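This report refers to the structure that appears directly beneath it.
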């Protein structure tokens, strides 16, 4: 990118009612101001966005692998593959992600965490940043384990968590657990004392048990609707409690298989200001064609982007995060602005990261164009030369 000043004109930006002008200097955003204000950014180069949307790239808080590599299987010999995945995700419009380690052996948890710890310090331009790890397990309810192998499930206790994370506790950003396995909340409180976000999932928790966990410090829900009790008018369950709690973030998958679009629309309309964010929940075959692939000691079959075990159990998807944003618009579930925010701004806020504003790198900017006649939404890196 040129070090000369650049001015972006007529940009739609999440949270702003008017078209904005964005000033860039030395590859960094300097100013954002309304187009009708006196320009503070003299620039030899001006780019007219003509009312297109502008955002930072996506942040994926739940992604299990890509390009044939499952994150729980990472070893020190996979550094090159991990870097390739970071580059691939950048090309998919993702600025940062939490490699998600699903339930496996304690040895493999620590082996993968060690590999991620080494790679985390090697991020650079043209590749998505590893923001820490998301442990989806092993302290899950066996009755809601889904595709997680039962033989590796563990009781929820501080001792178990210490054994799983070992010396890599500072690399863990989020952990998914079933709170009903340890009602006292000691494990949740211990995790929060180490600045780890506690997400409820793969759980049979009642609404009361979920509310207790939120009071103890849990602040997130993993793939809303999936691997938890269904919404019920007499037994509302974990999700209902989360949607009524103003400080809880709920991740969800928009692939059309994990959750029916009508239920997503219900959740979005019931929570217009709620902390919701998109995840991909993508598996190792992300970026590969449909087919049969190894998955731990088992196999999964991917058909039209949906991955299932041989018994039909839904195990994940191979759709990218921003494909979920596009689906929300194509299905007419929410506004274009909110759809973009759900994949970009919302997950940033859930992690406590800053959104689009001054001092953010311009190489992360995405340009979105909406075609209302077809309800399609297309994106591109605004400065693709930064991919190299």
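From the backbone N, Cα and C atoms, a Cβ is placed for every residue, glycine too.
Listed by TrEMBL as binding Zn(2+) are 136, 223; the candidate from 202, 233 that the record includes in that site is 202. According to TrEMBL, 226, 227, 234, 258, 314, 315, 316 bind substrate; the candidate from 142, 147, 163, 178 that the record adds to this site is 147. Close to residue 202 (Zn(2+) binding site), meaning Cα to Cα within 10 A, are the following binding-site residues out of 226, 227, 234, 258, 314, 316: 226, 227. Of all the binding-site residues listed here (202, 223, 234), it is 234 whose C-beta has the fewest other C-beta atoms within 10 angstroms.
Within the same chain, residues at least six positions away from residue 227 (substrate binding site) with a Cβ under 8 Å of its Cβ are 144, 145, 146, 201, 202, 203. Listed in sequence order, the binding-site residues from 136, 223, 226, 316 having a Cα within 10 Å of the Cα of residue 281 (active site, proton donor/acceptor) are 223, 316.
For the binding-site residues 226, 315, the greatest number of Cβ atoms within 10 Å around a candidate Cβ is found at 315. Just so you know, the Cβ of residue 314 (substrate binding site) picks up 18 other Cβ atoms within 10 Å once every protein chain is counted.
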